[in-house]
Amino acid sequence: MEFSDLIRTRRAQAKLLRGPEAPPLRGTLCLTGHHLLLSPGPQATSELWLLLLRSVDSIEKRVASDSGTITLRCKDLRVLQLEIEGVEASLDIARSIEALSSLESVITSFPFFYRPKGLRLGDAWHFHPPERYYKRVARETNAWRLSEVNEDFSVCPSYPRAVIVPRSVDDGALARSARFRQGGRFPVLSYHHAPSGTVLVRSSQPLTGPQKRRCAEDEELLRAVLAGARPGARGFIVDTRSSQAAKQARMTGGGTEAKAAYPGWKRLHRPLERGQPLQESFVRLVEACGDLQQSTDSWLRRLEGCCWLAHVKEALSTACLAAQGMEREGACILVHGAEGTDSTLLVTSLAQLILDPLSRTMAGFQELVEREWIQAGHPFQLRCAHSAFSHARPKHEAPTFLLFLDCVWQLGRQFPLSLEFGEGLLLALFEHAYASPFGTFLCNSERERCLCEVRTRTHSLWSGLNQPKEQRKLRNPLYAPNPLAIWPSVELQSLRLWQGLFLRWIRPPEPSEVAWEKVWQIVTDKEKTKLSQPTVSASEPQL
Amino acid sequence: MEHIRTPKVENVRLVDRISSKKAALGTLYLTATHVIFVENAPDTRKETWILHSQISTIEKQATAATGCPLLIRCKNFQLLQLIIPQERDCHDVYISLIRLARPVKYEELYCFSFNPKLDKEEREQGWMLIDLSEEYKRMGLPNNYWQLSDVNRDYRVCDSYPTELYVPKSATAHIIVGSSKFRSRRRFPALSYYYRDNHASICRSSQPLSGFSARCLEDEQMLQAIRKANPGSDFIYVVDTRPKLNAMANRAAGKGYENEDNYSNIKFQFIGIENIHVMRNSLQKMLEVCELKSPSMSDFLWGLENSGWLRHIKAIMDAGIFIAKAVSEEGVSVLVHCSDGWDRTAQVCSVASLLLDPHYRTLKGFMVLIEKDWISFGHKFNHRYGNLDGDPKEISPVIDQFIECVWQLMEQFPCAFEFNERFLIHIQHHIYSCQFGNLLCNSQKERQELRIQERTYSLWAHLWKNRADYMNPLFRDDHSQTRGTLRLPTTPCNFLYKFWSGMYNRFEKGLQPRQSVTDYLMAVKEETQQLEEEREALEERLEKIQKVQLNHTKVKAKQSEPSKHSGFSTSDNSTANTPQDYSGNMKSFPSRSPSQGDEDSALILTQDNLKSSDPDLSANSDQESGVEDLSCRSPSGGECAPSEDSGKDRDSDEAVFLTA
């Protein structure tokens, strides 16, 4: 496929406006297969400006007599304006941007061409396989094993090759349980909570259907989960749908676990918003944030109307409930909704963050995202195809991952010393999930990534982020390891709008940057003073 | 005390508002100054102290089987729900508190009995900490344009003004007196702030008695004189901070606003800030939202919007921003007034000064600002904050709003203020505590008559002594952004105004961030300093040793041990916390009652510093540590299991799970 077919005008003179606070840029605009470049004239001091076309969410064009204006709304919520000389040129460029930014093919996307200096292909892809997490589980308990039943992705196309399952259940039973679960997502280990000897397990809905079918192997699997936990442990099934929705799902072949079939397990319904309503909530919030002319009251009304904070509250509460069940009640928790690829992952990953101090470190959090989102088969390509500005009717888009990041941000706000990473990492993950030069968030599952050879042909975001030059942006200088569970408050007064993300391009960035600098300065001052100390005392004995 | 009907009631329960299941059993004491609740739990004996002066309302609710509920709402937003076993006791407590919370004489107030054990000299020095004549000197006064006037000596002209005032040089005593007769309560235009860089100034007054057509030559001359005192501009702004409708209504009562035609070279401007009654109701509505029992996010945001509180805060900020811009950017002087010129005018002048002058953003400067625009210019503290029993319609959270404006600015400019949020919260507390004399009475004159300075202590000295607690570690006076005038974004940013949970929910610690960045950074800074000092000491020693060595004396150098620092902020570990109710409707996992606010209160307030003088602030301390909390898990994991079958819904186990 040739990009040049889609590009009619390559160059034009243009002026770029980047919001009310930044000065405009003038120069030559160039269009390539993956990028939009603005190179300022030779006399200008500013650097080349570059935009990944993939990050354009929607485009709007207006023409005047001898020029055109293109408004680019980006997936990271930035709004840019290009004033281009020449009507024809501007229309050409707009058309090209439109076409190039929405190409569907994965293997022609930029990550397959991106070859940054200082990084080697294949680096960091080995960072976080399930095998690695299994090593940790194996140290803590003997009740679980690593199964390769999904080696060729035939049992469950959205699971990775290796999954962690109860030791007493053989691969044949797993395969039969998989046939009883939507998309083959049979119950697998998400997290082992060593202090309480309980586990967090996730799956998709059982295919009970209107006849209330049962599956012996599935029942055996859940029995084995309890048997492997601390003696006498009970289980709770956290269904992320309302009990009515779960019942309705039976009509279409889905359903939920019948009480009689799973002794020791009790079901709880915690409806979480997903899919289209969640996407609409996101769109309406971003709209409200972008409207600068409204009064204080109508701002609050719109913040209320979009329900975003209510979704944050629900997601956090449900995760807390799951975590509480494990830590405080000593119960095993199985989480599923329908497909088990969205709200399920939201709950399991947040619950781990609350309980597990390791997942709050820089490396641990990256592992959590890799394990519980990417490898667990959250369909990033479908969910993040468009951000909040797209005019197209959302098909599969939903900001589930963004909701997760927002909840993590809320945790970080309430426990400012307990996360090793700062807001910078969360913002980076948001950006890269929607458009990235790295391959990490490409495709919808491990299987697809294997088919596209993502691991060998693209760079991993983790190796990009873990370069030393990025650390000051991403790390939390205040971090002090906290061995306890962090229980957030989910009261309304405790939850805030994530201004750093939703108002990132609207409010002036300087005050918070100045504050961030100061925090680093205070912390590094101490480090420096500490380091300078031993040299003095060490010199004494030499005398 | 004659008003205390019963000094002690046992077996009283203190109900936790958030998780109503949790109640602490203890004893209630009534003293001359405080209500004290002491928990029975032997390991904590947690004490909750409430000053009588903080009590806003007391509500006796219908007797239930468990006892008689008594609801005490405080002016510092604490809410106490007690259940007293005997109806008679409850009634006695109720009647006693009704009287104790509404003193009729100043002499009954806490500050006249409060004794922090300072000698006379220390007390006098405390009163000298903030000196307004020094402040005017700092502004660069007197100068060629402004002079100190003694026209109000002995409060001859205006009894709610201070005796020392700065007025334009060209304003003679005749003009001032004439102008004062044309202004409500004789509050003539006087200087509030002088901007040295360009001679522009902020003056304040009350409304003119213009009615529909009245004029006053001297008043016109007075405004003329203000304009002349700023050679850089040929007009002044007259800002009326009331909504236009209110100002017009005043005309019918012989008051009103300046007619541009009668005054040469003024530009008249309305900035609609609502009156004290609207503000009182707005706060009331907002507090009701805070008190809602398990509201939805939608209830909360709707309620917040309907209260209009943030809209009012923004109106005050906008007025301040307008004035700061006029002064710093246009170089135009501004005269500000509302009706009497002691509420909205004080808010707006102080917000503008805060934006203009970095000095007011320091700890001491902020005290000066309150002393200048609020205390000296006769803000009616007694009436507004109900220190003495009086007309409830006079009560309004005027200075609370100013304090919130400061907080909103702090949120937007984290590095611009030398002080932190705790400083603001403590000032708010002391506006109602009546523990110090500064903020008592309605005017300087009253304070003088009461001999406040001889009989009470100064709040400023108290805060200054504890200043280490109030420092903002992020403060940067060196940065271009925090020097000079604070520049607010040009676009109207409504979303920058946030609900101040740290103030209005401050006693619900569970709602607050569990770890304090401020305290952590202060501890880091302190440690750095300690290390620094240690290094200096070591270097000194090294030098000595070298000298000794030169003298060929063998010295066995003892290796200095790197001192062990107490370790800054183990706050993380002490940040105990237990899960709260996540399952809605207060019926989650039944075995453990989720609790609120179990973090070490030392994070929020430094207890030692406060114990002596602010017992009520250190109240609600909960010493339970995280480790303890984990270890006190009930060992009977199995027993607390929800009982097997009792659910109504056969299909779902939810009901079983929740109610068992």
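The backbone N, Cα and C atoms fix where each Cβ goes, glycine too.
Feature list (source: TrEMBL):
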ACT_SITE  B:Cys338  active site, phosphocysteine intermediate
BINDING   B:Asn275, B:Ile276, B:Cys338, B:Ser339, B:Asp340, B:Gly341, B:Trp342, B:Asp343, B:Arg344  substrate binding site
COILED    B:521-551  coiled coil
COMPBIAS  B:566-596  compositional bias 'Polar residues'
DOMAIN    B:126-504  domain 'Myotubularin phosphatase'
DOMAIN    B:307-351  domain 'Tyrosine specific protein phosphatases'
REGION    B:552-660  region 'Disordered'
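Distance between Cα atoms for B:Cys338 (active site, phosphocysteine intermediate) and B:Asn275 (substrate binding site): 9 Å, as a whole number. Residues B:Asn275, B:Ile276, B:Cys338, B:Ser339, B:Asp340, B:Gly341, B:Trp342, B:Asp343, B:Arg344, recorded as binding substrate, reach a greatest CA to CA spacing of 12 Å.
Residues belonging to the coiled coil (B:521-551) score a mean pLDDT of 85 in the model. The domain 'Tyrosine specific protein phosphatases' (B:307-351): residue composition by secondary structure is 31 helix, 5 strand, 9 coil, according to DSSP. Counting only same-chain residues six or more apart in sequence, the Cβ atoms lying under 8 angstroms from the Cβ of B:Asn275 (substrate binding site) belong to B:Arg242, B:Asn246, B:Ser339, B:Arg344. Those same-chain residues not listed among B:Asn275, B:Ile276, B:Cys338, B:Ser339, B:Asp340, B:Gly341, B:Trp342, B:Asp343, B:Arg344 yet with C-beta within 8 angstroms of the centroid of the substrate site C-beta atoms are B:Thr241, B:Arg242, B:Thr345.
All protein chains included, B:Arg344 (substrate binding site) registers 28 other Cβ atoms within 10 Å of its own Cβ. The Cβ of B:Asp340 has fewer other Cβ atoms within 10 Å than any other of the recorded positions B:Cys338, B:Asp340, B:Trp342.
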